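S.K.: Below you'll find the structure I mean.
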Amino acid sequence: MRNVSLFSFFNAGKRLKLHSAFLSCLLILFVLGGDCPSKDNTGSAKAIRILFSPETKNDRLETNSILGLNTHYWADANSDGIEDLCYKTTNLDLSSFLSCSINHYGKFSKLFKISVSSGAVLGLLQPKFTDITGDGIPDYCGLDVRVSGGNASYSVRCISIVENKKGEYIGGSAIEGTLPRGFDSIKSSLYWVDINGDKRSDYCYAGNFGLGYEMICQISEGNKFVSTNTAKLNFTSETAKITFPSWVDIDGDADKDFTWIEEANGRIRILFMKNEGGKFGSQVASDPIAAGLKADDPSTVRWWTDWNGDGKLDFCYASDSNTIQCLSSTGNGFASAVKSGSMELGAGTSRGWIDANNDGKADFCRRVMSGNSSYYYTCTLSQGSSFGGVNEPGSYKSDLHTDPEMLLGEGVFKNEKWIQAAEETGYPMHCAIQGLLEPTVCQLVRKEGSPLADDAEECDPSDQTGSRQKRGTENDGYQKADCKFTSGAKALLFKTLAKQVWNYLSAYYSKKHDPEITVTVVDDFVYLQDQSLEYRRVSYNNDGGSPPSYLGFTHGSRVASVISDRVVGAAPGTPMIIRQLGLEASSNYQEILNWLNLWNDIRSEEDPIVNISISIINDLPDTMSQASRELLNQYYEMIRLIGRKNKSILVAAAGNLSKPMNEFCERKLSAQCYDAPTDLDRTYDPVIRVAALSQGSLGTGQTPQLAHFSNFGAGKIDIAAPGEDILVNSPNMNLVRLGFATRPTLWDFERVQGTSYSAPLVAATLVQMKKCQPNATAQQLKAALLGNADKIDSLRDKVTEGRVLNSVKAISVFCAGREEL
């Protein structure tokens with residue numbers, strides 16, 4: 001049985017790698033709306049442009065705290081490959097808390113806040129949030145100092161943070177480590193890095209502790225630290241200075257190598273020791289670096305970054321007030337420095353590196369003051385062996401910004417940072433924690449096929465009531481794309497594995513010039529917060545049934561929001577065909593008749609993707625009239641005819657009765673119970689039956705399991721998808737139910753569970769597949785989705801072949817073959 005970490009759908013931050021030239025071109029064409037570079041183009045700057053989104057300003061995350069005792073840290077708190085914001089806060093009553101807020105592409109929401117002893121955290125020096133236990137949750141670590149007789153002794157102390165069985169975050173046990181006598185926090189720093197690749201942070205330090213210069217690491221075993229071999233550092237003279245110690249991968253093998261800068265006899269060199277599985281090799285020195293770098297000058301800014309995109313980190317530095325230089329790593333040394341042209345280096349706190357144009361090479365980005373009243377963001381693109389020039393396409397600027405707190409100077413900023421998402425489908429961003437009341441302001445960076453000036457300046461994705469023109473829904477122009485880009489990013493509002501689907505799909509919905517693919521939702525009362533997405537509405541309840549008892553139902557609206565809602569939707573902005581069935585017909589006969597009319601419309605109008613998260617509400621009676629039995633046969637006959645036409649695919653929720661499908665279908669009339677009568681009909685079976693995965697098994701390293709409520713059955717269930725802790729946009733139906741309004745006006749985000757919400761994740765995946773190949777038949781879509789699912793042995797008795805939805809693989813493979821169909 002394969003470990004769950006190998007499944008790309010299950011591994012947050014470890015998506016399917018698309019490294020081939022063809023798939024890189026695919027990403028540009030289908031994801032980011034640009035043009036594929038020519039074969040000899042070493043940098044994609046000419047194929048795309050860089051856009052900076054409007055600034056998103058968050059409220060202060062921690063209130064009633066003593067600002068001077070707050071510390072802020074960037075750490076990936078939920079293992080999605082994007083750095084989140086963590087705090088140590090001390091309140092006015094001197095109580096202390098550790099908290100982390102998840103970064104939803106520039107918007108932050110609280111993941112946890114736990115109370116800790118003030119004595120346990122206030123005395124820690126060089127504190128940091130880092131995961132020492134390997135559970136994906138950052139722990140709080142630092143130097144613990146004790147003074148006795150005027151002498152200070154240091155040790156390492158960590159407060160572990162764990163998630164209990166109820167899903168609550170709590171403070172765990174304290175984990176301590178040793179430091180040598182002679183360690184001084186003023187002369188030496190503690191570095192947290194995963195030395196041996198076991199997903200747990202280890203701590204390292206370097207200095208002279210009485211036996212000459214050494215580099216020492218202590219390895220975390222989850223509940224304790226153990227010593228490793230000490231590496232001796234050799235110097236060319238007694239006056240040599242060691243600065244900028246770093247643990248970075250300079251040879252591309254994923255192990256963190258130890259590097260530092262040595263200044264001796266008037267020359268400066270980069271020295272390094274390669275890390276081979278936790279053991280460090282012999283010391284290697286680079287050729288002397290040309291003038292411009294001072295080893296111990298704090299004004300000399302230095303970075304390790306993959307400047308040329310070969311997977312090995314390179315050494316870059318600001319050599320003067322208006323240029324930077326980079327030395328590319330060869331794996332065994334460093335190439336000659338490449339110097340940029342003259343540029344504005346920007347505010348010192350704002351400089352950083354991200355892959356701004358998604359070409360695999362890190363670009364130099366910063367915030368630049370423009371006079372005393374405004375500033376802008378800019379990136380100079382790496383072209384692999386040179387820098388882009390000052391003029392486009394080598395350098396890109398945002399519009400001018402005038403946030404007064406961002407104009408107060410570098411001294412008021414804490415942790416200003418450029419954040420690079422860890423996967424191809426993520427958007428990099430810039431965030432700054434401002435002084436004073438500590439709001440956090442962020443802006444996203446993306447590549448696009450047009451300048452930012454052409455995009456909608458006033459497009460607010462959170463404004464669900466905006467006009468069609470403002471939201472850009474009347475055309476496929478830049479307004480729509482920019483709004484979708486931002487709203488797609490906001491779709492990541494939950495921490496479970498369903499996030500994988502949202503993250504991957506929302507990236508695709510930033511592109512332009514897509515064919516319009518609709519999704520049909522078959523449900524009870526269905527409303528969309530953005531009414532402009534309602535492509536067509538058909539009601540099948542004209543039978544005299546009384547609606548008031550079920551008018552307040554929100555099920556259908558929630559299901560629809562999982563697909564197309566502009567904030568939480570997996571396929572934000574997708575037009576919806578609403579085929580509405582009430583829950584109370586005047587008789588079973590009438591209810592089946594309503595369904596037959598619905599099936600006939602789907603067949604004749606060739607709805608491409610149909611989501612069905614309801615079934616006939618009543619169990620079938622033991623005895624039925626001949627007329628009712630004939631209708632029952634017609635119900636499944638209509639599904640058979642839909643399949644034979646091969647134009648529509650029906651995505652059906654399996655049901656929530658914890659029953660085998662054979663037992664469930666004995667008394668139910670529903671799409672998921674359709675059993676094709678012949679081999680040919682099985683070939684054209686239009687139904688995809690979807691079970692729900694348990695949230696408790698996702699992202700925990702455990703074998704995936706079905707949710708306890710999900711129906712099951714190998715040979716009956718086609719695929720499983722996340723079905724717990726799904727975020728939906730739910731309408732408040734009170735005014736509608738009371739007759740004071742015809743549509744809901746108040747909406748709230750809620751977390752829900754059920755196979756009803758697993759099915760729309762599958763439907764959203766099919767939408768993007770259909771966009772890549774609009775002429776694909778229903779069976780081509782179904783075969784590609786099921787054929788590219790992950791297969792988990794332990795689920796084979798509950799789901800056919802143990803299939804689990806892998807949206808990344810299904811879309812990538814299907815879109816890569818777009819010319820074949």
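From the backbone N, Cα and C atoms, a Cβ is placed for every residue, glycine too.
Pasting the feature list from TrEMBL:
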{"type": "REGION", "residues": "453-479", "note": "region 'Disordered'"}
{"type": "ACT_SITE", "residues": "ASP523", "note": "active site, charge relay system"}
{"type": "DOMAIN", "residues": "537-791", "note": "domain 'Peptidase S8/S53'"}
{"type": "ACT_SITE", "residues": "HIS555", "note": "active site, charge relay system"}
{"type": "ACT_SITE", "residues": "SER756", "note": "active site, charge relay system"}
S.K.: Which residues, sitting 6 or more apart from SER756 (active site, charge relay system) on the same chain, put a CB under 8 Å from its CB?
M.R.: HIS555, ARG558, VAL559, SER613, ILE614, ALA653, ASN656
S.K.: Is it possible to get the count of other C-beta atoms within 10 angstroms of the C-beta of HIS555 (active site, charge relay system)?
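M.R.: Taking every protein chain into account, the count is 21.
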S.K.: Summarise the model confidence on the domain 'Peptidase S8/S53' (537-791) as a single mean pLDDT, whole number.
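M.R.: Here the mean pLDDT over the domain 'Peptidase S8/S53' (537-791) amounts to 86.
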S.K.: Going by DSSP, is SER756 (active site, charge relay system) part of a helix, a strand, or coil?
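M.R.: Where SER756 (active site, charge relay system) sits, the three-state DSSP reduction gives helix.
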S.K.: To see if you understand the setup: which same-chain residues, six or more apart in sequence, place their Cβ under 8 Å from that of ASP523 (active site, charge relay system)?
M.R.: HIS555, GLY556, VAL559, ALA560, ILE578, GLN580, LEU581, SER613, ILE614
